[in-house]
Amino acid sequence: MFRTHLVSELNPKLDGSEVKVAGWVHNVRNLGGKIFILLRDKSGIGQIVVEKGNNAYDKVINIGLESTIVVNGVVKADARAPNGVEVHAKDIEILSYARSPLPLDVTGKVKADIDTRLRERLLDLRRLEMQAVLKIQSVAVKSFRETLYKHGFVEVFTPKIIASATEGGAQLFPVLYFGKEAFLAQSPQLYKELLAGAIERVFEIAPAWRAEESDTPYHLSEFISMDVEMAFADYNDIMALIEQIIYNMINDVKRECENELKILNYTPPNVRIPIKKVSYSDAIELLKSKGVNIKFGDDIGTPELRVLYNELKEDLYFVTDWPWLSRPFYTKQKKDNPQLSESFDLIFRWLEIVSGSSRNHVKEVLENSLKVRGLNPESFEFFLKWFDYGMPPHAGFGMGLARVMLMLTGLQSVKEVVPFPRDKKRLTP
């Protein structure tokens, strides 16, 4: 057994007890007669005291930072130490030595740029800040799942090797599939629609791939997509569901990750339900009134969303009813204005984190929608054929986990919140 306790479990009530702890050497101070080691494990940092004359003293006198050790010792209450206790070592076993000097300072005293951090990623992931990020992510994903389970959704898994473009675009990674061309899925969209046509309420948390040329803080070539599809629903039902998901997610993180948020020195935004809605058309007019050169049909990009955020003064808001031709072929038109669609984006300040819509469920309408966009319905026959068999009205959304994590952590780049990000320049580690 490598340990009896995590360092966070040590407390003054254990004074005089013999314990075994294990972890990484976070810092060392040699005061001549004593060596103080800060030992780090998954739960935090604790203090180890090694007295001169002890068998362990010679073992650690030249120990390098980030070496892994097991400490047998006795707990002593000391208000000056982390958690009010320290462990006086009786024996120390060196499990592995770390080479010195380290290519990255895990303590954070010496700052590193993002390229260095990504190159030396394992050491970077040992930093308390990165461990806080990954704990927050775990709680956020758990919250997402739990909310959907409570609403009767079923978790599903869709193919990631596909025959044609899901969105009809060109941002695809081709792969050779037994002599035939195939692609990595850019979205589970078509398959989750089919699944909703069978079991009504489905969701998936899985990787997706887009051959993004954009080298921005908000784009990756490989990302985790959190997708939902719901039968007998429209985009208003979906927006109401998203409000519950985001509300629960933020509050679960605040409740379960109090220490991690302190490490990051950040507080996620408060969610006010209902979340404010502004139509695309009204957003365009508001932007024009502020001197932005934009017209109906244009995308509302990050610079424009910054202006919108400054005017709306809302951390979270929906932009609804986008032009139909600006959305994917499966998006439903508004009955009262076919130029517009039953669609939305959820924006965090100036960053899109969710996109969704009501979906077309009539085959002939879908075929026409494909043709209008210059796409061949025959390429989508595997999808369209099932609309001959009672496809219900349905709606859904896709949520980018990395972007949601920017909202939950206050960090500025998706590369910071993904353990091993993939972009145009990076295939390793």
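Cβ atoms are placed via backbone N, Cα and C, with glycine included.
Marked as L-aspartate binding site by Swiss-Prot on the basis of sequence analysis: Glu167, Arg210, Ser355, Arg359. Residues near Arg359 (L-aspartate binding site) in space but far in sequence (CB under 8 A, at least 6 apart, same chain), listed by position: Glu193, Tyr330, Thr331, Lys332, Pro393, His394, Ala395, Gly396.
Around Arg210 (L-aspartate binding site), the C-beta neighbours below 8 angstroms that are at least 6 residues distant in the chain are Gln171, Leu172, Gln186, Ser221, Phe223. Under the heading ATP binding site, Swiss-Prot lists Arg210, Ala211, Glu212, Glu352, Gly400, Leu401, Ala402, Arg403, citing sequence analysis as support.
Per Swiss-Prot, Mg(2+) 2 binding site is recorded for Glu352, Ser355, and the stated evidence type is sequence analysis. In this view, Glu352 (ATP binding site) is surrounded by 17 other Cβ atoms within 10 Å of its Cβ, with every protein chain counted.
Under the DSSP three-state reduction, Glu352 (ATP binding site) is assigned to strand. What Swiss-Prot records for Glu352 is Mg(2+) 3 binding site.
A Cβ distance under 8 Å defines the sequence-distant neighbours of the region 'Aspartate' (189-192), meaning residues of its chain 6+ beyond its ends; these are 156, 158-159, 166-167, 202, 204, 227-229, 328, 330, 380, 383, 396, 398. Annotated region 'Aspartate' per Swiss-Prot: 189-192, in sequence order.
Annotation comment: Swiss-Prot describes Pro82 as site 'Important for tRNA non-discrimination'. Sequence-distant contacts (6 or more apart, same chain, Cβ under 8 Å) of Pro82 (site 'Important for tRNA non-discrimination') comprise Val7, Leu38, Gly44, Ile45, Gly46, Gln47. In the three-state DSSP scheme, Pro82 (site 'Important for tRNA non-discrimination') falls into the helix class.
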For Gly400 (ATP binding site), just give me the three-state DSSP call.
strand
Sort the residues of the region 'Aspartate' (189-192) into helix, strand and coil with DSSP and give the three counts.
4 helix, 0 strand, 0 coil
Cα of Leu401 (ATP binding site) to Cα of Ser355 (L-aspartate binding site), in Å and rounded, measures 12
The correct three-state DSSP answer for Arg210 (L-aspartate binding site) is coil
Counting other CB atoms within 10 A of each CB, which of the binding-site residues Ala211, Leu401, Ala402 comes out lowest?
Ala211
So for Arg403 (ATP binding site), how many other CB atoms are inside 10 Å of its CB?
19
